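**Q** Shown below is the structure under consideration.
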Amino acid sequence: MSEAAKHLRQEQGPAPLSVSGLSVAYQKKPVLKGVTFDVNEGELIGVIGPNGAGKSTMMKAALGLIPSIGGEVLVYGRPVKAQRKLIGYVPQRESVDWDFPTNALDVVLMGTYGRLGWFGRPGAKEKAQALECLEKVGMADFADRQISQLSGGQQQRVFLARALAQNAKLYFMDEPFAGVDAATEKAIITLLQELKKQGKTVIVVHHDLATVQQYFDSVLLLNVELQAYGPTAETFTQEKLQRTYGGRLAFLDHSLIQGGSGQSCDRGDRTC
Amino acid sequence: MLNFMAMLADPNMQWIFFGCLLLGLSSGVIGSFSYLRKQSLVGDTLAHAALPGICIAFMLTGVKSIGIFLIGAGIAGVIATFGIGYITRHSRLKQDAALGIVLSVFFGLGIVLLTFIQHGDYGNQSGLDKFLFGQAAAMVGSDVVTMSVICLSLVTICTLFFKQFKLISFDPGFAKGIGYPVALLEQLLMLLIVVAVVVGIQAVGVVLIAALLITPAVSARYWTNRLGVMVALSGLFGALSGALGTWVSSSVTNLPTGPVTVLAATLFFFVSVLFGPQRGLIAKRLVRLRVKKSFLLEKELRAEPMKGETAL
């Protein structure tokens, strides 16, 4: 970080998320090693890496959902546990049983639980907020729908609406684009743009390399260790991706990456 | 109906009737949550695990009272829960295998202790073996008072923490994300199951008590898509099962109340499976027929302009 940038940071106050030395191990096997990074306020950040790279694990550990064996996570300068109200979270869609007896509106209302206190019940004000959030993801017509009767994309949008209802400043989204239809993908990206406009910071675990440049301001390349982190244009490069994905880059089309061209085929690169 | 009133006129039967009703209600309510958390069999395991706890409590105190048994069963339940957790975390076994192991070990120990008590010098040990299959007729007024207090607190806790229990049943990760003490709440739910089990053991027995935790909840799920309604319905089905069980067993000589209560709950289950408005077998069949009919009709309409060719 340059002196000027450092100065700017001090003026802006603490970073929305500051992770240092975060490490996680399942049994004896380390799945995340010494991950350190700071995110800038109001950015959309894509977390990219191969399967088993620890993307979801990093997100869960940063949120304090799973125990870490080391490291520190600060949200706006304070420990994550003290800043729950500033954080919105969209878990993977497959992590819950959608046959649960509840409807879309009720799931979105869960986003308001955090500020209701222990014995408060969601009232008319919360319901109006929840409906508004459903509207923002284009799901207002489905408010009363039993959640098992929604398509995968619609379920994902309900989860997003729930996160919106949390009215947070920093959002964590675990693969919101996984297995959704085109309409949902568009709805999600519109929403991300709007959140950005409101000055919110969004960290997204993402799988589709083809859309990375289009969607994110910064990317974080992860494979157990942090491989690279920075503005998309400088970070989402052939060389850095190659390092992150190792030999598993076969599916990566050069045209996806800025600066990559068909010429590289001459080198006999297996990614052609 | 006549003997129903006659049953209620008997003060002794009143206690039993009221006790079974309360028991059905509370196990129905708490059972909803364990069913939705896919932990139906945890209740069964905790019930079997309660037996050695009850035996040891009796051996130490020589007294037969729900309160003391509750402590014994509670401790046994906590050890069993810990055992299940330890096995699933530290071995390659899945939860079903862990439940099976813990259930059989505790139940085996319970039977050994039970036999030991019966052949030992423990004074008033008669009736302890009734905990295997239950004996509602053995309930007395003071038992029912204890049961009422416990059932009332159980239902109150479920009402107060409804929001929390709902969220940890649907999405524990998100619950943790907004700062709920998920592990603590899960332990509270587990404790409530132990309480419901111990309260019910005297009437229904360790072997069948799981049915009262599972069956009303499963039946209720057929009638509604709302958690609040489901929990209430499950409590209602449980209470009705208890009432029906007491009534039938009091009308026919020598029918045991607990097992008849379980059969009554099963009856509600069959009715629900058949007639549930959306998920029931009949409703599903009707929907399929209607879809098929409209599909055929559409096909026919489309085929009509083509002259000379018969539709289908």
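Each residue, glycine too, has its Cβ placed from N, Cα and C.
Copied straight from TrEMBL:
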- B:15-36: transmembrane segment (TRANSMEM)
- B:66-87: transmembrane segment (TRANSMEM)
- B:99-117: transmembrane segment (TRANSMEM)
- B:137-162: transmembrane segment (TRANSMEM)
- B:201-220: transmembrane segment (TRANSMEM)
- B:227-248: transmembrane segment (TRANSMEM)
- B:260-282: transmembrane segment (TRANSMEM)
**Q** Any contact between the transmembrane segment (B:260-282) and the transmembrane segment (B:137-162), i.e. 3 or more CB pairs below 8 Å with pairs at least 6 residues apart?
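**A** As far as Cβ distances go (cut-off 8 Å, pairs 6 or more apart), the transmembrane segment (B:260-282) and the transmembrane segment (B:137-162) do not touch.
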**Q** Between the stretches B:15-36, B:137-162, B:201-220, which wins on the count of C-beta pairs under 8 angstroms to the transmembrane segment (B:227-248)?
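**A** So the stretch in question is B:15-36.
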**Q** Among B:15-36, B:66-87, B:137-162, which stretch has the most Cβ pairs under 8 Å to the transmembrane segment (B:201-220)?
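**A** Per the Cβ count, the answer is B:15-36.
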